[in-house]
Amino acid sequence: MAGFMKYKSVSTTIETVRLKLILTAVLFLFPFSQTSGASRPIIEIKDGQEIKVQAAQHFCYNNTIIPGWRETWTRIQVRVWSTTKLKVTVVNDEQDLKELEHFSIWKLVQYFVREQTNETTISVSLFNNKTCFRVDPSESRTLYTVQPSRHFDIYLFLVFLAGVLLFFYADVLSRSQVFHYSAGMSTGMIASLLILIFIVYRFLPKKSPFYMLVVGGWSFSLYIIQLVFRNLQVILTDHWHLAIGYVFVVGFISFAVCYRYGPLVEERSINILSWALQIFGLLLVYAGIQVQQVAFAIMIAAFCSKNLEYPFNTAFMLYHKLKPKKLEPRRLLTEEEFQRQSEVETQKALEELRKYCGSPDFNTWKTVSRLQSPKRFADFIEGSPHLLSNEVSVHMQEYGLGGSFFEDELFSTDEEDKEEEEDGWETEDDIKPEVTSPRMNNTRGK
């Protein structure tokens, strides 16, 4: 009997809690059901137009320009700001806006997930003809402003430029110690929570129930990183001392870890890092260009220019080797160049002769027996000059500038030229025949 009374009391308590939850849900969902079936007007907005309205409104932006290569770094944004908090819900078209008026569980979830801010920016795709959104201010009487704009985005261009530089300099960066430490410290400061969760994951035993906690920790870390980047300006302005302390502590720990393991040494690891940097660079190129066709064309061109470099160089070298070369006339040496080259080559030949005479292959006795002055030959091998001073002076007198040899050559050449010219005037045809008188012939005949 006591057990039955206890069971009845517990059942009554559960029914009471269930009834309270149902009443709370009905009271909470009543405001959402009030707009069911209501239809709000849609406000069309254009580039450069500024609209100030109150209460929850529906807006649609019509993109009339067909995207081309000129819109490579063009960004379309719709800026919404107010003095109080507001929420913005982005949809595709008017039909989705009408569905927002009807109550649904998904709408309720999105209502709590969306963050309230004083200012937000909606990025519109160049390829969407129409983009619609709804603005829900926290107070219905609050005045807020909606302004679309189309402009050149310098950040997109910088992302594209960073991707191109990273792709082409991936091989150099993968072997650089400066890049190793700077990338390690940057990764540690940006993803410190992710790294901490990964370290905890390494120490957890297998089949541990904490794996679900780790998965939730990864999601929470990503949310924290996104939240920090969204409020980075506020953090650097109001909490700059905490930001400096975080950068100093986490940066030092990251540097210590990078210094402990050191830069990559194995060639395969360096190649893997280089490939990863190239892939990341191509992703940055794709993210920095609004027009997909232009992005793919630049990515393919960059890939071909980097990886087809070696085949093109090989083909170019083969073409130059197989192509017949034109023989260019050799330049004659000047007198100073001839004198300098002769001295260098003479000294080189003498050194080679000394080395050969000192080698085991040299037959010393046979050579000495044929020499008139063996002592002079021995002095030459030991490093003495191969000519005596008087021999040098005699050579200069005979063969130097102004020597007897050059004078004989000059004068003999002039005389021989004159003789050749004189001899050249007389030929066999010019020889006169002998003429005899008839008397002499008769005398001889007798």
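Any Cβ shown, glycine's included, is placed from N, Cα and C.
The following features are taken from Swiss-Prot:
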COMPBIAS  410-431  compositional bias 'Acidic residues'
CARBOHYD  N62  N-linked glycosylation site
CARBOHYD  N118  N-linked glycosylation site
CARBOHYD  N129  N-linked glycosylation site
CARBOHYD  N441  N-linked glycosylation site
REGION    410-446  region 'Disordered'
SIGNAL    1-37  signal peptide
TRANSMEM  154-174  transmembrane segment
TRANSMEM  181-201  transmembrane segment
TRANSMEM  209-229  transmembrane segment
TRANSMEM  239-259  transmembrane segment
TRANSMEM  269-289  transmembrane segment
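Across the structure, N62 (N-linked glycosylation site) and N129 (N-linked glycosylation site) place their CA atoms 6 angstrom apart.
You'll find the Cα of N129 (N-linked glycosylation site) roughly 28 Å from the Cα of N118 (N-linked glycosylation site). Within the same chain, the residues at least 6 positions away from N118 (N-linked glycosylation site) whose Cβ sits under 8 Å from its Cβ are W81, S82, T83, T84, K85, L86, listed in sequence order.
Classification of N118 (N-linked glycosylation site) by DSSP places it within a strand.
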